[in-house]
Amino acid sequence: MNTTRPRVELLPIFEDNYVFLLIDDDTQEAVVIDPGEASKVMTYLNEHGLTLKGVLITHHHKDHIAGVRPLIEKYPAPVFAPMKNKSQIPDGQFWVQEGDEIDLGSMHFSVMELPGHTLGHVAFWNDDLKWLFSGDVLFGLGCGRLFEGTYEQMYNSLQRIKNLPPETLIYCTHEYTEMNLQFCKMLSSLDDSPITGDDEDLEMYENQLLNLRGINMPSVPLKLAIETKVNPFLLAHSLEQFTYLRELRNKQ
Ligand SMILES: [Fe+2]
């Protein structure tokens, strides 16, 4: 019988990506999310004697999928990827969409479709742990760029994240929080700032962020309860305001 909770290992790759390994130490099984590169994952699996139970893909961008083939050649495992990206993810095996449930050993996920960054973007929700593996939808103090979707799609996707339980931890794929902090500070310095958040909350966030990053610790996972107080894209209370903020951020 399982006695411990799964844990998440963050493997930094490229300049600012994270690959997530969800690990059940009781069963020595792991699930990997968005392996943009395989070598660090393979080293970790090998060194810790873990069995790979599955690969989850949030969207088709190369920095999320390029490691899938070398990984599954060495560690065969089912690959779950968004149905709407079927033609763009050559190594996908099982195509998932909104509401699908995935069971991999002791680990369970339900699929949320969150379009905007890309049209087919999905996130993987673990309801037992209140963990969301959200790819490039929400970032610390920011959100993903709109490469394919509309402002309305992205706004609605962010609203869905905002409505998850407040204790939710968000595992987003990029370490962008410090960069996004500069945008937030610029916003709060504007005379007619559209942001309704409290400056003290942002200051507290900044202190914690700088402490973490100062010792090279990730700002991920994000705490939803905190992010909803300071992230301008979650504070936006209308599609119009979200669009204005996203356009402003694009110019930076
Ligand atoms: Fe992306």
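Yeah, the Cβs are placed from backbone N, Cα and C, and that goes for glycine too.
Nobody curates TrEMBL annotations by hand; they come from automatic prediction.
Taken from TrEMBL, the feature domain 'Metallo-beta-lactamase' applies to 16-174.
Annotated Zn(2+) 1 binding site per TrEMBL: H59, H61, H117, D136, in sequence order. When secondary structure is read from DSSP and collapsed to three states, H117 (Zn(2+) 1 binding site) falls in the coil class. In sequence order, H59, G135, D136, V137, G144, R145, L146, F147, E148, G149, M154 are the residues near H117 (Zn(2+) 1 binding site), counting only same-chain partners six or more apart with C-beta under 8 A.
Taken from TrEMBL, the feature Zn(2+) 2 binding site applies to D63, H64, D136, H174. Summarising the environment of D63 (Zn(2+) 2 binding site), the number of other Cβ atoms within 10 Å of its Cβ, over all protein chains shown, is 18.
The separation of H174 (Zn(2+) 2 binding site) from H61 (Zn(2+) 1 binding site), Cα to Cα, is 13 Å. Highlighted here are the binding-site residues (H61, D136, H174) whose C-beta falls below 6 Å from ligand 1: H61, D136, in sequence order. Highest Cβ count within 10 Å among the binding-site residues H59, H61, H64, H174: H59. D136 (Zn(2+) 1 binding site): 26 other CB atoms within 10 A of its CB, across all protein chains. The residues near the Zn(2+) 2 site, meaning same-chain residues not in D63, H64, D136, H174 whose C-beta sits within 8 angstroms of the mean position of the site's C-beta atoms, are N17, D34, G36, T58, H59, H61, G135, T173, in sequence order.
Within the model, the domain 'Metallo-beta-lactamase' (16-174) carries an average pLDDT of 98.
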